[in-house]
Amino acid sequence: MSDVLQNTGGRDTGSGRGARSTERTQETGTARSVPVPAAEAPVVGTPAPESPGAESLAARAAALDAADPLAKRRDLFALDDGVVYLDGNSLGALPRHVPARMAHVVSHEWGRMRIRSWDESGWWTAPERIGDRVAPLVGAAPGQVVVGDSTSVNVFKALVGAVRLAGDDSRDEIVVDATTFPTDGYIAESAARMTGRRLVPVAPGDVPAAVGPRTAAALVNHVDYRTGRLHDLPGITAAVRDAGALAVWDLCHSAGALPVDLDANGVDLAVGCTYKYLNGGPGAPAYLYVAERHQARFDSPLPGWNSHADPFAMAPGYAAVDGARRGRVGTPDILSMLALEAALDVWDGVSVHEVRAKSLALTDFFLECVRAYVPEGRLTSLTPTAHAERGSQVALSCADAPAVMARLIERGVVGDLRRPDVLRFGFTPLYVGFADAERAARVLAEVCAEADAEAGVER
Ligand SMILES: Cc1ncc(COP(=O)(O)O)c(C=O)c1O
Ligand SMILES: Nc1ccccc1C(=O)C[C@H](N)C(=O)O
């Protein structure tokens, strides 16, 4: 196999802060700006393999799918056979059973039981009950995860909470991942201003060297949303804690795709969304993990009545409840929350280690197919080749990425674009298979060839 892709390994360049100006312009998702094929009219059939080596790669894909213990899980999702959905790292697919469950919630629990449902349908306790369903997926023992609010809001609670837990005013710095998804950076900046700390943006790989006696907390992304690079959660957490500071992780791009092992790694606080690999639905509530050892001292900057020890006493003074519930704020978004609860059923009987093994096999295979089909130098992979540094997405860059992604989506291969030049392909092991990966690479090669032909470029 020739070395077709130039691999930059998604290296931490330390230049993320400066480079961020473009990413700070939010891309709302390519799927919203280019036509998505109608569900009833899939545009990708099963094209005859014409690319070099396509027959053998297609045959390998079929064999890998046949041997895949997770292959059957795909039937649990509403997906179109003609579409390769590689955008589950932005919005996970709908588990088929969720609409019926939601119809029941709306028509029965809300429609008929009305106010009684807060108690009798378990609405009031949903945040901590569903937190305990998310917990095993992130390696947390029960009682440490609460579901609710957006990831952004939970970043705020976790980071200000961490600074307060650090206590000591001489710890006057907050270290933040300089390559972070923008919302975390914006909120960290505000949290720093509010708590009178100085923000220190550094690349994740440089966090161990940057933390010291002045650090209160460090906020890092487990997987980079742009490159798909997996950061060293055990090593960075240990370094932050050795410095006497608190480690706060954003798990948006790792939970449900790979083992996180929060408890085993001694993470202090963590947040994540549930609409990507956990398939909770658009705007599904996020979650907050507060390690048990910190809960008694966790001082939420948003002490709403839902985290009061006796909310219905409606007392004028605040008294925090114990445990994970201390992360609650106001009335939970019950419809989204119960959709998430139902969606989590697809994880029953699935081990996250099995998911990780398939995720790595899928991204390896996709990269191999891209190398085989796409002319050398056409695309640059930003995704590290080392498994220990790879999440569950492949990011490829090329100057004409916007046009390439628009054409891919028109032809039923749905990834997304991160401006200016990144094609993102998310591999969600519960419903993406090896034939999907092969087909996506083949269509990508066709689309690149078409764009080259139109531009008069010969390779
Ligand atoms: C790493 C990361 N953090 C946070 C968010 C977003 O947070 P919110 O759920 O508040 O929109 C995303 C994606 O939207 C993300 O990728
Ligand atoms: N929540 C969204 C709503 C609309 C469009 C995209 C998103 C995303 O989640 C983007 C994602 N966090 C990313 O890694 O780019």
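Indices start at 1 and increase along the chain as displayed.
Glycine too: its Cβ is placed from the backbone N, Cα and C atoms.
As written in TrEMBL, here are the features:
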- 1-10: compositional bias 'Polar residues' (COMPBIAS)
- 1-53: region 'Disordered' (REGION)
- 34-48: compositional bias 'Low complexity' (COMPBIAS)
- Thr151, Ser152, Phe181, Pro182, Thr183, Asp184, Asp250, His253, Tyr275, Trp305, Thr331: pyridoxal 5'-phosphate binding site (BINDING)
- Lys276: N6-(pyridoxal phosphate)lysine (MOD_RES)
Subject >> Residues near Thr331 (pyridoxal 5'-phosphate binding site) in space but at least six apart in sequence (CB under 8 A) >> reply: Asn306
Original post:
If you count the C-beta atoms lying within 10 Å of each candidate's C-beta, which of the binding-site residues Phe181, Tyr275 ends up with the smallest number?
Top reply: Phe181
Subject >> Least Cβ-crowded entry, counting other Cβ within 10 Å, from the binding-site residues listed as Thr151, Thr183 >> reply: Thr183
Original post:
Under a threshold of 6 Å between Cβ and any atom of ligand 1, which of the recorded positions Thr151, Phe181, Thr183, Asp250, Tyr275, Lys276 are retained?
Top reply: Thr151, Phe181, Thr183, Asp250
**OP:** Show which residues of the chain containing Lys276 (N6-(pyridoxal phosphate)lysine), separated from it by at least 6 in sequence, have their CB under 8 Å from its CB.
**Re:** Gly88, Asn89, Ser90, Leu91, Gly92, Cys252, His253, Ala255, Gly256, Gly426
Original post:
Largest pairwise Cα distance, Å, within the listed pyridoxal 5'-phosphate binders Thr151, Ser152, Phe181, Pro182, Thr183, Asp184, Asp250, His253, Tyr275, Trp305, Thr331?
Top reply: 31
**OP:** Would you count the other CB atoms within 10 A of the CB of Asp250 (pyridoxal 5'-phosphate binding site), including those on all shown protein chains?
**Re:** 27
Original post:
Under a three-state reduction of DSSP output, how is Thr151 (pyridoxal 5'-phosphate binding site) classified: helix, strand, or coil?
Top reply: helix
